[in-house]
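Have a look at the structure below before the remarks.
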Amino acid sequence: MLKGIHPALSPELLKTLAEMGHGDEIVLADAHFPAHSLHKNVIRADGISIDILLEAITPLFEFDAYVDAPLLMMKAVEGDSLDPNVETRYLNAIESAVGFTPNLTCLERFDFYTRAKQAYAVVVSGEIAKYGNIIIKKGVTPIL
């Protein structure tokens, strides 16, 4: 156990976050996401919602400042419903953890899957909200 590290962060997830370089992306996926068929580097965070993971990760994580939107979510498929509270919950978690909210954009479902395949890792959470997936892009960590 380390002091100052959120208990939702497993050793495997901490190691992954530390290994990521600027421009790398990590997917925080809901419990329904086809992580194992899309990616070889899958980390389990069963029972932990994505807003809790965002609260835990974002204080340790610099968002990419060189892109328009370092946050990406999946658009609802036409004719399907999307709970707008999911996006709000995620942005509130980030705001609470770091004091600001980076820009967010949404991708079509299969574009999101393509992007997820290129990510550094996929974290499968206990999130049960439909379309509850988010990709976060790491930026350059400032030198202390």
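Note that Cβ sites are derived from N, Cα and C of the backbone, with glycine treated the same way.
The feature active site, proton donor is assigned by Swiss-Prot to His22, with sequence analysis given as support. The Cβ of His22 (active site, proton donor) lies under 8 Å from the Cβ of Glu62, Asp64, Lys138, Gly139, Val140, Thr141, each of which sits 6+ residues away along the same chain.
For Asn133 (substrate binding site), the number of other Cβ atoms no farther than 10 Å from its own Cβ, over all displayed protein chains, is 27. In the three-state DSSP scheme, Asn133 (substrate binding site) falls into the coil class. Feature annotation from Swiss-Prot assigns substrate binding site to Asp30, Arg109, Tyr131, Gly132, Asn133; the stated evidence is sequence analysis.
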- Message: Give me the long-range Cβ neighbours of Asp30 (substrate binding site): same chain, 6+ apart, Cβ under 8 Å, in sequence order.
- Response: Ile50, Ser125, Glu127, Ile128, Ala129, Lys130, Tyr131, Gly132, Asn133
- Note on the structure: Comparing local Cβ density (other Cβ atoms within 10 Å) for the binding-site residues Arg109, Tyr131, Gly132 points to Gly132
